[in-house]
Amino acid sequence: MALSTKVPHLMTLADLTPGQIQRIITHSYHLKRTAQPWLAPQGRAGSGGKYSNAPHKLRMPSQSLFSKSIALLFSKRSTRTRLSAETAALLLGGQALFLGREDIQLGVNETVPDSARVIGGMCQGIFARVGDHSEIEELARYSPVPVLNALSSLWHPTQVLADILTLHEHAALFDPASASPTPSAADAFSQKYTKLGEVRPLTVAYVGDSANVLHDMLVTYPRLGHQLRVASPENDKYRAPKAVWDRVVELGCDKNIFWTADPRAAVKGADLVVTDTWISMGQEAEKAQRLKDFAGYQVTEALCREGGANPDWKFMHCLPRKQDEVDDEVFYGPRSLVFQESDNRKWTIMALFDLLFGKWSLLARNGEGADAGSE
């Protein structure tokens with residue numbers, strides 16, 4: 001297909017329509033189903049547990065990154081994002097090149113515009129995990145190839161996409177009639193798209209700091225029909241900054257957001273309870289004050305019971321987790337979707353790599369009603 005003359009970048013889910021977001025989720029699920037059999041030992045399924053040397057008879061997932069290189073430009077430490085990106089690029093036939101803080105320092109040894117042009121001249125996509133959001137905006141401004149936000153001070157789009165995929169896969173937990181259909185053995189290994197379970201409108205409670213994950217939730221969940229109830233201390237540094245709130249209002253999401261300083265009020269009627277780290281990278285010097293400010297915000301069974309959460313409420317955390325944020329009973333208990341959510345980071349990043357870096361099709365046309373299977 002002919003490439004767009006305008007380079008597509010993705011900084012936040014606020015840049016996408018609900019249809020485009022759903023397209024990514026559907027494509028993520030499709031890639032997950034078609035790629036997973038390739039990751040299992042050959043002959044394991046249906047062979048009585050015995051291994052086989054027979055070649056795979058399954059079709060490979062999309063190879064849109066064949067012979068292409070993706071630069072992972074990470075100025076912050078990473079476990080899940082880096083692993084997801086490197087394995088996703090490999091499954092798409094490409095190569096991920098990791099450039100850490102010690103390898104390249106944006107704006108220190110070389111200006112950001114120069115770095116963007118150099119990296120973009122050698123790679124076909126840039127996946128950047130930066131500090132201040134202005135860094136990735138400048139990178140995108142001068143890059144000749146697509147730039148995808150792996151994390152910045154303001155936004156974390158790939159995390160929220162993984163959360164949404166997890167909700168769709170577990171839709172039956174919220175409404176038994178919404179279960180995703182189980183594909184047959186033949187369909188599971190085909191290139192045929194399987195419809196995901198529809199997630200009914202949920203009440204989502206977020207308890208904790210207003211950071212990048214919450215910011216992308218604020219501009220996404222209300223547009224997908226969910227109510228968002230947020231609890232954070234009454235201090236401006238724990239509330240959404242103006243740049244984020246302006247996007248919230250612009251998209252009309254503020255009408256479905258309730259903000260309070262009382263975590264019990266936030267979890268009232270909650271189907272899903274979400275929290276995040278209270279102390280992000282670079283905030284270590286504030287640890288003592290932050291622990292004091294967030295006293296009483298730990299997600300526990302007692303807090304959710306006293307606040308009146310839905311009896312079947314579920315829990316998510318983007319990781320890494322500290323026990324101050326959520327106790328072991330919830331984190332490791334049957335309510336937790338944490339590790340399913342973590343696993344889905346790989347598949348949503350793989351979908352973004354395929355659509356944004358491989359095909360330049362994510363933003364080249366409106367995702368409303370687009371058939372992802374036609375790619």
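Cβ atoms are placed via backbone N, Cα and C, with glycine included.
Here is what Swiss-Prot records for this protein:
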- CYS318: active site, proton acceptor (ACT_SITE)
- SER78, THR79, ARG80, THR81, ARG129, HIS156, GLN159, CYS318, LEU319, ARG345: carbamoyl phosphate binding site (BINDING)
- ASN212, ASP276, SER280, MET281: L-ornithine binding site (BINDING)
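Recorded features from Swiss-Prot, shown on the structure.
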residue	record	Cβ neighbours (10 Å)
SER78	carbamoyl phosphate binding site	18
ARG80	carbamoyl phosphate binding site	19
ARG129	carbamoyl phosphate binding site	23
GLN159	carbamoyl phosphate binding site	27
ASN212	L-ornithine binding site	24
ASP276	L-ornithine binding site	23
SER280	L-ornithine binding site	16
MET281	L-ornithine binding site	12
CYS318	active site, proton acceptor	23
LEU319	carbamoyl phosphate binding site	15
Report, in whole Å, the straight Cα-to-Cα distance of GLN159 (carbamoyl phosphate binding site) from ASP276 (L-ornithine binding site).
11
Taking just the CA atoms, what is the gap between ARG80 (carbamoyl phosphate binding site) and MET281 (L-ornithine binding site) in Å?
15
Distance from GLN159 (carbamoyl phosphate binding site) back to MET281 (L-ornithine binding site), taken between C-alpha atoms, in Å:
16
Inter-residue Cα distance where the pair is SER280 (L-ornithine binding site) and GLN159 (carbamoyl phosphate binding site), in Å:
15
How big is the Cα-to-Cα gap, in Å, between the residue listed as 'active site, proton acceptor' and ARG129 (carbamoyl phosphate binding site)?
15
Which residues, in sequence order, are found in the same chain with Cβ within 8 Å of the centroid defined by the Cβ atoms of ASN212, ASP276, SER280, MET281 at the L-ornithine site, excluding those residues themselves?
LEU151, HIS156, ASP209, ALA211, VAL213, THR277, GLN283
To the nearest Å, how far is the Cα of SER280 (L-ornithine binding site) from the Cα of LEU319 (carbamoyl phosphate binding site)?
11
Work out how many Å separate ARG129 (carbamoyl phosphate binding site) and ASN212 (L-ornithine binding site) at their Cα atoms, rounded off.
12
C-alpha of ASN212 (L-ornithine binding site) to C-alpha of LEU319 (carbamoyl phosphate binding site): distance in Å?
13
